[in-house]
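Novice: Pasting in a structure now, in structure tokens, and then I'll have a few things to ask.
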Amino acid sequence: SVLELGKMILQETGKNAITSYGSYGCNCGWGHRGQPKDATDRCCFVHKCCYKKLTDCNHKTDRYSYSWKNKAIICEEKNPCLKEMCECDKAVAICLRENLDTYNKKYKAYFKLKCKKPDTC
């Protein structure tokens, strides 16, 4: 769910998911998809594509279990769809950490209507 995702992002990046990524670029946060503005925005684009593959669970509301051991996210979920959702969230949190140097404040509250048609997943 959104709660686990937010926790993972905070653990990996040290940033608050809502205030730092909630409306970043064309792909972070709710709604729109568009051509990514930078590597950080591409992380969110790939994450949305990952979520599109989930068929038996709801990424907004369904909860899963994971642990944080030795600064690593471990998806412990038995349910296959929830485990896949956990892996999607883990991947975006790591991607955002790996691309912290591309984070650009000018995309923090980006006007989504300026986004061009998205790439396909």
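All positions are counted from 1 along the displayed chain.
From the backbone N, Cα and C atoms, a Cβ is placed for every residue, glycine too.
Got these off Swiss-Prot a minute ago, pasting:
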DISULFID  Cys26-Cys115  disulfide bond
DISULFID  Cys28-Cys44  disulfide bond
DISULFID  Cys43-Cys95  disulfide bond
DISULFID  Cys49-Cys121  disulfide bond
DISULFID  Cys50-Cys88  disulfide bond
DISULFID  Cys57-Cys81  disulfide bond
DISULFID  Cys75-Cys86  disulfide bond
REGION    105-117  region 'Important for membrane-damaging activities in eukaryotes and bacteria'
Novice: Tally the residues of the region 'Important for membrane-damaging activities in eukaryotes and bacteria' (105-117) by DSSP class, grouping H, G and I as helix, E and B as strand, and everything else as coil.
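Specialist: Across the region 'Important for membrane-damaging activities in eukaryotes and bacteria' (105-117), the residues distribute as 6 helix, 1 strand, 6 coil.
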Novice: Taking the Cα of Cys50 (disulfide bond) as the centre, which of the disulfide-bonded residues listed as Cys26, Cys115, Cys121 lie within 10 Å of it?
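Specialist: Qualifying among Cys26, Cys115, Cys121: Cys121.
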Novice: About how far apart, in whole Å, are the alpha carbons (Cα) of Cys81 (disulfide bond) and Cys26 (disulfide bond)?
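Specialist: That comes out at 26 Å between the alpha carbons.
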Novice: Measuring CA to CA, name the entry from the disulfide-bonded residues Cys26, Cys28, Cys49 that ends up nearest Cys88 (disulfide bond).
Specialist: Cys49
Novice: What disulfide-bonded residues in the list Cys28, Cys44, Cys75, Cys86, Cys115, Cys121 lie within 10 angstroms of Cys95 (disulfide bond), counting C-alpha atoms?
Specialist: Cys44
Novice: Restricting to the chain of Cys115 (disulfide bond) and a gap of 6 or more, list residues whose Cβ falls under 8 Å of its Cβ, or answer none.
Specialist: Cys26, His32, Arg33, Gly34, Gln35
Novice: Nearest by CA distance to Cys86 (disulfide bond): which of the disulfide-bonded residues is it, out of Cys28, Cys43, Cys121?
Specialist: Cys43
Novice: How many other Cβ atoms are found within 10 Å of the Cβ atom of Cys50 (disulfide bond), counting all protein chains shown?
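Specialist: I get 18 for this one.
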Novice: Which residues does Cys44 (disulfide bond) neighbour through Cβ under 8 Å, counting only same-chain ones at least six apart?
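Specialist: Sequence-distant Cβ neighbours: Tyr21, Tyr24, Gly25, Asn27, Cys28, Gly29, Pro36, Val92.
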